[in-house]
Amino acid sequence: MKKYLLPSIKLTIVLIVLFAVAYPLFIAAVAKFAPGKGDGVTVKKDGKVVGYALVGQNFTEDKYFWSRPSAANYNAASSAGSNKGPSNEDYLKTVQDRIDTFLVHNPGMKISDIPAELVTASGSGLDPDISPRAAEVQIPRIAKARNISEEKIKQLVKENTKGPLLGLFGPSTINVLQLNVALDGLK
Amino acid sequence: MNTEITGVVFTYGLTLLLAIPLGKYIAKVFKGEKTWSDFMSPMERLFYKIAGINPNEEMNWKQHLKALLTINAVWLIYAFFVLLFQDKLPLNPDGNAAQTPDLAFNTAISFLVNCNLQHYSGETGATYFTQLFVITFLQFVSAATGIAALIVLFKALKDKTTTKLGNFWVIFTKTNTRLLLPLCIVMAIILAFNGTPASYAAKDNIVTLQGDSVGVSRGPAAGMIAIKHIGTNGGGWFGVNSAHPLENPNYVTYITEMVAQVIIPIAMIFALGFFIQRKRFAYVIFGVMTVGMLILLIPTMQAEIAGSPAIAKLGVVQPTGAMEGKEVRFGPAATGYWNIVTTIISTGSINSMHDSAMPQSGLMMLLGMMVNCFYGGCGVGILNYFIFIIIAVFISGLMVGRTPEFMGHKVEAREVKIAAIIALLHPFLILVGTALSSYVLSHNLGADWAVKPGNWLNNPGYHGFSEMLYEYTSSAANNGSGFEGLGDNNIFWNVSTGFVLLLGRFLPIIGPVAIAGLLANKKYIPESAGTLRTDTVTFGLMTFAVIAILTALSFFPSLALGPIAEYFSMY
């Protein structure tokens, strides 16, 4: 074994320098040219940072579009999913509670109007998006809370909808934070 | 077809399109032919010089394994101690604590064996230093170890009779410099330009639009996320892995990460064909593996798109399928595809919480890891498949009443014994581990561990059993994904899975390399009319049958107690 030990140690040191020092430094240097300079892309409102574009936030007020439920309470220093199994009775009660809360805040909506994503927790606990359908069911509530016409909000949702990649691949999404920032900008 | 299905089809198609030329390139590199990457050779020669390696020295299979095991032992000791003292080392801007000895033991082994059990969360359980100097480093070299072992097998199959199988250090170094590093640089840059953090900036604290104060963890993540997929390791920078919006920001990165994790495993199959100049043999292997993947993939995607029957009963609609534990930007189809790919190829990165998947999907993911050779991890996938080939050759030989032969070499008692031991090791580790944890749990020994046995499970009943079964299956397959509800950061799980990981890694590398080395040593028998041909569809079916029967016999009872029982309780 001794024959192999010295080359092992020396080769290890060389490769640590290559992979743990040179490689990440090189990527960090290239990322300086990327949006956000490799620090993450922030969203500003009136010149003040209100969040990261890719990281979801918690919204509980009626005047905002709500994001999905989160097992991490939208704290991006400790991402987490619920890890609840599909047959877990306690979990199903939690979902039922979320349905009830949603109906209280959105009078006039039926249970069958609610898409499941609004009452189930995301994988990361930081899901920044909702689907167009999940935005649609919230429009009447927001229109009432803000005293703006539903048409105007519908238009805003449409403008903030990101279609499938190249129109061909993947689902349509809406970034909730950016939509709400735009909503605050409506007069 | 809707855009979610086309997304999956496109992703797989793109993978194949890139894997074939990559396979050709890999074969060229290891044959020593001219390639575009020859500009790396001065750097490689410098490495050999510093390390005191004679690159022209040929090794036999035993010397290869000695070199492989020695350097792995060095990494294990190094990684363990760095993790243990990470709080005292630099590059810890968030002030994270040291890992406990049992956690450091588990983490070091886990990454050494190209697995990512990660009984900690990246945001709080590791520092920038350990993420780079231990984890990123091991993600490169452990992948290169698996590939190097496979190249030894390639060389053994190529020549008629030989003991000279190349130089381990050279094959290993070239895997790093010619294959892993260039692919990772391209991928890390794609990620960085799509919003993945790459700088050394510390955690940020912000006030949200609605006025909440939250933290946002960051760091030089892009490089690690690239190698975690290229090297099929899967260990995430952040706790929730590629479900995290910074680790996997959009559909472009989804496609990139999905292609990246399966491209080397598929390319290695084609490389085998080019390297030993038996393309048909490689195509048959590719065909069997692809059929295996589809058998697991289709029911999973179907179940996830259809949604949960328990949620449907509550009255809400599921236009985007079963959404618990999933992200809107991927949707159920792309998530189902990820679930299966990450389990068949031992990546273990996740873009959704597997614990929350439908029971059928859980079953298919478990099967993917139990078989562990439909494409399989970097290098080791084909090594695992090779074991099944040897068993199929042996059984076919018995059926026709001839001495079994493979590639012109007699397969005799010694080789078959090794193959049988390796094939049985996998179910042994999984079932004994699960039985042990079930015993500890049901007798609730009242042990004063960080997580007491009574609090291990995040879900009751059948699903709780699946959480334990999944953890040992993932460990034995060196996969690393988990039913993460399991409370696994305590001495019982850290130590028991640590040993399962080690045995599940090195024996299935030693076994196939030994068989290949022994075969290459034997007299070459030219092909005759009576030779069993291994490059036919019939032999492919035979191998598939061996895999299916061995898996069913070993695992059906445990699967019946977990996901199958849960399925019948829900549907």
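Backbone N, Cα and C atoms are what each Cβ position is placed from, and that goes for glycine too.
Those TrEMBL annotations? Automatic predictions, nothing curated.
TrEMBL lists B:6-27 (among others) with the feature transmembrane segment.
The transmembrane segment feature in TrEMBL is assigned to B:67-85 (among others).
Beyond its flanks by at least six residues, the transmembrane segment (B:128-154) meets 30, 61, 64, 68, 71-72, 75, 78-79, 82-83, 86, 89-93, 107-108, 111-114, 122, 165-166, 168, 171-172, 175-176, 179-181, 184, 200, 219-221, 223-224, 227-228, 230-233, 235, 237, 264, 268, 271-272, 275-276, 377-380, 382-383, 386, 509, 512-513, 516-517 of its own chain at Cβ-Cβ distances under 8 Å. Look at TrEMBL and you will find B:128-154 (among others) tagged as transmembrane segment.
Feature annotation from TrEMBL assigns transmembrane segment to B:175-193 (among others).
Look at TrEMBL and you will find B:251-274 (among others) tagged as transmembrane segment.
Per TrEMBL, the feature transmembrane segment maps to B:281-299 (among others).
Residues annotated as transmembrane segment in TrEMBL: B:374-398 (among others).
The transmembrane segment feature in TrEMBL is assigned to B:418-441 (among others). Listed by sequence, the residues of this chain that lie at least six past the ends of the transmembrane segment (B:418-441) yet keep a Cβ under 8 A from its Cβ atoms are 370, 372, 387-388, 390-391, 394, 447, 453-454, 456-457, 465, 468-469, 471-473, 475-477, 492-493, 496-497, 500, 503-504, 507-508, 511-512, 514-515, 550, 554-555, 558.
As annotated by TrEMBL, transmembrane segment applies to B:491-520 (among others). For the transmembrane segment (B:491-520), same-chain residues at least 6 beyond its ends with a Cβ under 8 Å from one of its own Cβ atoms are 60-62, 64-65, 68-69, 72, 102-103, 105-106, 109-110, 112-115, 117, 119, 145-146, 149, 152-153, 155-157, 159, 161-163, 165, 380, 383-384, 386-387, 390, 406-407, 409, 411, 414-415, 418-419, 421-422, 425-426, 429-430, 433, 436-437, 440, 447, 449-450, 453, 456, 471-472, 475-478.
For B:541-565 (among others), the entry in TrEMBL reads transmembrane segment. Residues 288, 291-292, 359-360, 362-363, 366-367, 370-371, 373, 385, 388-389, 391-392, 395-396, 423-424, 426-427, 430-431, 434, 462-463, 465-466, 469 of the same chain lie 6+ residues outside the transmembrane segment (B:541-565) yet bring a C-beta within less than 8 angstroms of a C-beta in it.
Here the transmembrane segment (B:374-398) has Cβ contacts under 8 Å with residues 114, 143, 145-151, 153, 231-232, 262, 264-266, 268-269, 272, 285, 289-290, 292-293, 296, 344-347, 368, 404-406, 411, 415-416, 419-420, 422-423, 478, 505, 508-509, 511-513, 515-516, 532, 534, 539, 542-543, 545-547, 550 of the same chain, all six or more residues outside its ends. The list of residues near the transmembrane segment (B:175-193) in space but at least 6 beyond its ends in sequence, with Cβ under 8 angstroms from a Cβ of it, reads 26, 29, 35, 37, 40, 43-44, 140-141, 143-144, 147-148, 151, 222-223, 225-227, 229-231, 249, 252-253, 256, 260, 263-264.
As a quick check, the transmembrane segment (B:6-27) and the transmembrane segment (B:281-299) miss the bar of 3 or more Cβ pairs under 8 A, pairs 6 or more apart, so the two do not touch. Residues 266, 269-270, 272-274, 336-337, 340-341, 343-344, 360-361, 364-365, 367-368, 371, 373-376, 382, 385, 534-537, 539-541, 543-544, 547 of the same chain, all 6+ positions outside the transmembrane segment (B:281-299), place their C-beta atoms under 8 angstroms from a C-beta of that stretch.
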